[in-house]
Structure formats: C-alpha cells, structure tokens
Amino acid sequence: SEYLEGPSEKLRVCVATCNRADYSKLAPIMSGIKSHPEDFELEVVVLGSHLIDDYGNTFRMIEQDDFDIGSKLHTIVRGEDEAAMVESVGLALVKLPDVIQRLKPDILVVHGDRFDALALATAAALMNIRILHLEGGEVSGTIDDSIRHAISKLAHYHACCTRMAEQHLIAMCEDHSRILLAGCPSYDKLLLSHHREDYMDIIKSWLDDKVQEGDYIVALQHPVTTNIQHSIKIYGLMLDALISFNKKTLILFPNIDAGSKEMVRVMRRKGIEQHPNFRAVKHIPFEQFIQLVSHAGCMIGNSSCGVREAGAFGTPVINLGTRQTGRETGENVLHVRDADTHNKIYHALELQFGKRYPCSKIYGDGNAVPRILKFLRSIDLDEPLQKTFCFPPVKDPISQDIDHILETQSALAVDLGGTNLRVAIVCMRGTIVKKYSQPNPKTFEARMELILKMCNDAMRDAVGLNCRILGVGVSTGGRVNPQDGVVLHSTKLIQEWSSVDLRTPISDALHLPVWVDNDGNCAALAERKFGHGKGVENFVTVITGTGIGGGIIHHNELVHGSTFCAAELGHIMVSLEGPECMCGSRGCIEAYASGMALQREAKKLHDEDLLKVEGMDMKLSEPITAAHLISAAKMGNSKADAVLTKAATALGVGIINILHIVNPSQVILSGVLASYYQAPVQHVISQRALFSVQNIKVVTSDLEEPALLGAASMVLDYATRRIY
C-alpha cells in the first residue's frame with residue numbers, strides 16, 4: 001500500500017453529517033474509509049436538516065449511496081429564527097451523549113461551520129473523543145466564521161483546504177503537526193465526475209427539454225443570520241433581476257438558517273414556483289448538481305459552492321452580499337457586496353452570463369481523500385488526548401508584589417529645547433520627582449544617542465524612586481505629526497531635526513509607548529491637566545519665551561489642524577511690513593514680542609548708548625538681554641519703554657485675532673515674559689477687541705515646567721486610558 005503502515009487495531013471513525021452541503025464533502029471520505037475495511041470501521045450519524053421533509057429528506061441519498069446509518073437524530077427545532085437555531089443546538093447536545101457512549105468512536109469527523117456541527121464538536125470534546133475538523137481556518141463572513149473558529153478550537157486534528165486556511169489555523173495557535181493541507185474532498189468527486197457523458201440528460205430532467213448547455217442560471221441564496229432583514233431584501237432584488245433577465249433558472253430553496261422561512265415567503269409572493277422561466281427545487285443530488293453548475297451560463301447567490309466548487313469548472317459566479325466575504329476565490333467570481341439595487345444585480349448578470357473562466361484549483365487537486373486516510377492512519381491513540389496550543393512566545397509574567405502595588409504611576413518627560421535637552425520623571429499628581437539636563441547636541445546622531453542615554457538613566461533611577469514608568473512623552477520645537485510620532489520640520493534653533501521619527505527608536509529601546517508633540521501644544525496640555533486650564537473646555541496657551549508659540553484646546557481636545565500647523569501663534573501677522581521674523585516673513589508677533597526680538601532691540605539701543613539710565617546697575621561686558629531692556633524701562637528709559645509698549649501691543653493684537661477666531665474662555669500666558677506681558681495685553685484687549693470678547697481673562701501660568709509637564713500629561717492621560 002502507498003499509505004503508512006497503521007496500527008494493528010482498526011480505527012473506529014464516526015462521520016457525522018447534518019445537511020446536504022456537508023454530506024457532499026464527507027461522502028468521498030466515507031467511501032474512502034469504507035473501501036479500507038482492514039484499517040477502519042465506519043459509523044455514520046445523521047442529524048440536522050437531513051431528516052426534514054421540507055429540505056428533501058436528504059438522509060435517503062446517504063442510504064442510496066449504500067452507507068449504513070448507525071443513528072438518526074431529530075435535532076432541528078422548527079421556527080427558522082435565531083432562537084430556533086439555539087434550541088436546535090441544545091436538542092442535539094441532549095441527544096448526542098447516548099449515541100457517542102454507544103458508538104465509542106476513536107475519532108469523530110465533523111465538517112465546517114454549521115450550528116449542528118458546533119453541537120457535535122462540543123459533545124465530543126466534553127466526552128474525550130478526538131475530533132477531526134474539515135475546512136477549518138477559512139474566512140467567509142457571518143456568524144459562520146465564529147462557529148467555524150470555535151469548532152477549530154475544540155478539534156484535535158484539522159484537514160484544511162487552502163494554504164491560507166492552514167496559515168490561519170497556525171496563527172490561531174493550532175499545533176502545526178496536527179494540521180493537514182488536504183484540499184477539499186468534494187473536488188475528488190468533482191474532478192472525476194464533471195466529464196460525464198449524460199450531462200445533457202441531467203440538465204433537461206431538472207429544467208426542460210428545450211434548454212441548451214450554458215444557457216441557464218443556477219441560483220442559490222441562503223440567509224445571513226447576523227443580518228436577516230438585509231438578506232431578505234437582497235433575495236427579493238435577486239429574484240427581480242432574474243425575472244427581468246429572462247433566462248431559464250434553476251433555483252434551490254435556502255438552507256435551514258434563521259430567516260429561511262421569510263425568504264421562501266418572498267419567493268412565493270413573486271410567484272417563482274409558477275413562473276415559466278423558473279424551476280424551484282428543495283434538493284438535487286450532489287453529482288447531478290455538479291453537472292448543472294459546471295454547464296451553467298452563470299451561478300448567482302451566496303452559496304459557498306459558488307466560490308468553491310464552481311471555480312473548478314470556470315463557471316461564472318455572481319456572489320451577492322457578505323456571506324462569503326473573505327473566502328479565497330478564483331477569477332470566475334464577481335462580487336456584488338453591496339447588492340442594494342435590482343439594477344446592479346442585473347448589470348452583473350449581463351457581465352457574467354455565458355462567459356468562461358480558467359479552472360481554479362485553489363480548493364483542491366482531486367487527491368484530498370487519500371491524504372486524509374493517510375492522516376487518519378497516522379493518529380496515535382496512545383498520545384495524550386489533551387490538546388496543546390502553540391502560543392507565540394511571551395515574556396514571563398511579573399508576579400504581583402506589595403512594592404508593585406505601592407509604586408507611583410509616572411511618566412518620562414523629554415523636552416528638546418534650542419539650548420538644553422531635559423528629561424524628567426513626573427508622577428500622576430504633576431510632581432517632578434527627578435530632573436536631568438544636558439546641552440542639546442548639534443547633530444542628529446549625537447542628539448538621539450543622548451536622548452536614549454538620559455531616558456535609560458532615568459528608567460534605572462525610577463526603580464529606586466518607586467516610580468512605575470507608563471510611557472514617554474516628548475516635547476520638541478517645530479512642527480510635529482503626533483499620530484506618527486514624527487518631527488516634520490524644526491525651528492532654526494534645533495539643527496538637523498526634520499523628518500525625524502522619534503517614536504520608533506525610543507519605543508524600541510525602552511519597550512514603552514511614546515507620544516510626541518510640539519512644545520506649544522505640550523504647554524497647553526500641561527495647563528489642561530495641572531494648571532489654569534483644568535476643567536476649562538476652551539482655552540488658549542501662549543508661550544512668551546525665546547520664541548513665541550502656543551496651543552489651542554477646543555472642546556477639551558488639542559487642535560492640530562490638517563497639516564499639524566494649527567496654533568503657530570508666534571506667526572500670526574500683525575503688520576504688513578514690520579520687522580523680519582525667523583520664519584522668513586515679516587510682521588509676525590514673534591518678530592516683535594519674543595525674547596529674541598527684545599534682545600535685538602536692546603542691543604540696538606545699547607550700541608547707540610541709549611540703554612543706560614542713571615542708577616542702572618549694568619556691566620557693559622555682560623551679554624545684553626531682554627532683561628536689561630525691561631529693567632531700563634522700569635527705571636524710566638523712554639526708548640526702552642516705547643520698544644516694550646510696541647511689543648505688548650503686537651502680542652495683544654495677535655491674541656485679539658485668536659479671540660475673534662476660536663473664542664476661548666481664557667488665555668494663559670506662559671514662559672519667562674508672561675508676568676511682564678499680562679497686564680499690558682489685557683489692556684490692549686479692553687481697548688481694541690470686539691465687545692463680546694473684552695471680558696475674557698488673560699492669566700499667567702503658575703506651572704514651573706510647562707513643556708515637561710505637558711509631555712508627561714500625554715503619557716498619564718493616554719497610557720491609563722482616561723482620555724481616548
């Protein structure tokens with residue numbers, strides 16, 4: 001024999017069949033088992049819709065095929081709705097234990113994704129019977145997917161049809177050594193029998209004498225149990241399209257799923273059974289059905305036969321709706337997933353009818369049964385019955401410890417400024433537990449290396465400080481895409497910092513989630529969580545430091561804009577001419593009111609010897625800064641005062657523009673110049689803004705480290721999933 005030598009004792013194989021569709025797959029295997037009596041003992045259990053008159057009493061065809069039926073179980077509760085399906089599963093579970101105890105099979109063979117098959121697999125698994133599941137790992141849409149995968153989880157062995165199904169089973173943690181890629185057993189019969197000489201007699205007996213090969217349609221549509229109303233609508237549209245298309249049509253009644261009764265009503269309402277073009281039938285023996293499908297001009301509906309068997313003959317297929325979504329198909333299938341109009345289905349019929357496609361062997365090459373028999377022979381009954389799953393490797397769990405419980409949930413905050421690179425451990429209450437600072441390197445490589453080194457140091461220290469780091473938040477100058485964690489392009493203060501993916505290297509090195517945003521947005525987030533913005537739905541933060549930036553919170557969310565350029569508050573223009581700005585334009589607020597702008601003006605006055613005032617304690621050797629300008633103005637220097645008035649007016653006008661556009665309920669000034677600007681800006685608003693926004697308060701931030709706290713707040717909010 002070409003097969004492996006099996007054990008001396010025969011293997012008792014119980015094959016359970018529930019309906020005409022699964023029998024077409026199981027029959028070839030049953031024949032194979034029966035033809036090797038030296039190796040196998042076959043028991044046949046019949047249940048489900050095989051035993052129901054309305055579905056053609058299809059158990060008779062099993063008897064005609066000369067199989068002894070060991071047990072017939074009436075398990076269907078009529079009603080064809082969801083509750084009836086559930087009751088049917090329950091009834092099967094009540095009746096099966098007796099049968100299984102009596103037969104004591106070594107292995108139960110069960111097929112597919114029907115609710116009856118789920119009852120079979122449940123009963124066998126609980127009674128310690130090994131299960132071989134056919135056609136696991138496939139994806140089709142509908143509740144069938146869930147049932148099929150559930151049976152795969154209960155089954156000990158798998159014979160699947162396609163390579164993709166095999167991959168799915170492996171991905172579902174099934175043991176590779178117990179999966180056989182067999183192909184579909186029905187193809188063994190298909191590929192043998194579809195060249196029958198008498199096919200025209202079969203076609204004529206089911207349709208009529210005048211029908212020609214390739215000039216008729218086979219229609220078979222079942223309900224989608226997860227959306228019954230939609231199924232009924234599509235069924236009606238299909239029937240209307242078939243009536244208008246005016247070709248001879250063989251239509252099979254739907255299967256027993258919930259919704260089938262309503263579908264039959266639609267059929268009767270449209271007079272299909274009396275219509276001269278239609279022949280409506282409850283059941284056709286599989287061999288004859290194959291002849292009818294292989295020579296049809298087209299097959300329409302949502303039966304798996306359309307996406308599977310029909311491909312072997314290149315018969316054109318129109319698949320309606322979602323019932324087979326996800327199944328692998330040959331090029332012969334045209335999907336009408338959204339079958340919402342009669343016209344769409346009619347057009348599909350025009351495109352497909354009468355075409356011919358290359359034969360597809362995705363589902364099998366005709367040798368599935370010998371492979372399955374060889375697989376059955378190889379089963380070692382002495383192996384433990386307990387199923388083992390092959391889970392992907394995971395890290396060892398850390399067991400719970402009192403220190404673990406007492407740890408403070410914290411974030412690692414990183415602030416990339418023009419001068420310094422700073423990292424801090426920030427706890428849930430907004431306390432900075434420890435802070436680290438280094439000069440910000442000038443090159444990209446050195447900067448990334450330093451960020452990772454400082455983060456690693458902080459992570460090590462966090463353990464000793466009893467802080468549990470939940471993630472890393474990064475605040476950086478420039479324009480940032482926070483969704484991808486990428487700095488798109490930076491300010492002139494930070495060189496070599498454009499198109500930089502910060503998330504990936506930090507996340508890979510620290511194994512933590514990483515959030516990135518620009519410093520202005522982080523300042524706004526810090527206010528939202530820890531500062532004046534707490535509980536305020538709409539507010540704006542303006543940073544007045546070396547440059548000018550900020551963030552807008554609208555309905556409790558940051559506004560990023562379509563190209564992540566929202567809240568570039570420093571570049572609101574307040575003059576058509578005005579001084580040059582670092583951004584290359586003129587008249588921006590930043591060119592008037594930033595620390596750099598004030599320093600520039602201070603130097604000008606100093607160069608003209610106009611900065612000194614009587615009693616001003618200033619060494620000329622010091623670098624001149626904005627602080628000198630402010631102290632000169634305080635001491636009565638009118639030139640310095642004029643510069644500051646102009647700066648405050650420019651900032652005030654910019655803020656009025658913001659008030660008129662987003663209408664926040666509060667403006668928070670942050671940064672080193674905030675306390676200086678607060679009163680003059682409020683004054684400009686009261687003079688120049690629309691009456692309805694004149695009362696909006698401008699307040700000074702109380703936060704020491706807005707950039708670090710904002711970076712931390714991203715982690716503390718998102719890592720604990722308080723805010724989505």
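Quick reminder: no glycine exception, Cβ is built from N, Cα and C everywhere.
Under the heading domain 'UDP-N-acetylglucosamine 2-epimerase', TrEMBL lists 38-376. What TrEMBL records for R479, T491, D519, E568, H571, E590 is N-acyl-D-mannosamine binding site. Among the features that TrEMBL reports, active site is placed at D519. As annotated by TrEMBL, Zn(2+) binding site applies to H571, C581, C583, C588.
For E568 (N-acyl-D-mannosamine binding site), the number of other Cβ atoms no farther than 10 Å from its own Cβ, over all displayed protein chains, is 18. Local packing around the binding-site residues C581, C583, C588 was summarised as the count of other Cβ atoms within 10 Å of each Cβ; on this measure the leading residue is C588. Rounded to a whole number, the C-alpha distance linking E568 (N-acyl-D-mannosamine binding site) with C581 (Zn(2+) binding site) is 13 angstrom. Applying an 8 A CB threshold to same-chain residues 6+ apart, the list for D519 (N-acyl-D-mannosamine binding site) reads D415, G417, S475, T476, G477, I543, G549, A707, G710. Distance from the CA of C588 (Zn(2+) binding site) to the CA of T491 (N-acyl-D-mannosamine binding site) is 15 Å. Other than the site residues H571, C581, C583, C588, same-chain residues with C-beta atoms no more than 8 angstroms from the centre of those residues' C-beta atoms, the Zn(2+) site, are G570, M573, M582, G584, S585, I589, E590, A591. A distance of 8 Å separates the Cα atom of C581 (Zn(2+) binding site) from that of H571 (N-acyl-D-mannosamine binding site).
H571 (N-acyl-D-mannosamine binding site) counts 19 other C-beta atoms within 10 Å of its own C-beta, drawing on all protein chains shown. Listed in sequence order, the residues of the same chain lying 6 or more apart from R479 (N-acyl-D-mannosamine binding site) and placing their CB within less than 8 Å of its CB are V487, L488, H489, S490, N518, F564, C565, E568. Other Cβ atoms within 10 Å of the Cβ of E590 (N-acyl-D-mannosamine binding site), summed over all protein chains shown, number 27.
Within the set R479, T491, D519, E568, H571, E590 that the record links to N-acyl-D-mannosamine, no two Cα atoms are more than 16 Å apart, and one pair reaches that distance. Model confidence over the domain 'UDP-N-acetylglucosamine 2-epimerase' (38-376) stands at 92, taken as the mean pLDDT rounded to a whole number.
Distance between Cα atoms for H571 (N-acyl-D-mannosamine binding site) and C583 (Zn(2+) binding site): 8 Å, as a whole number.
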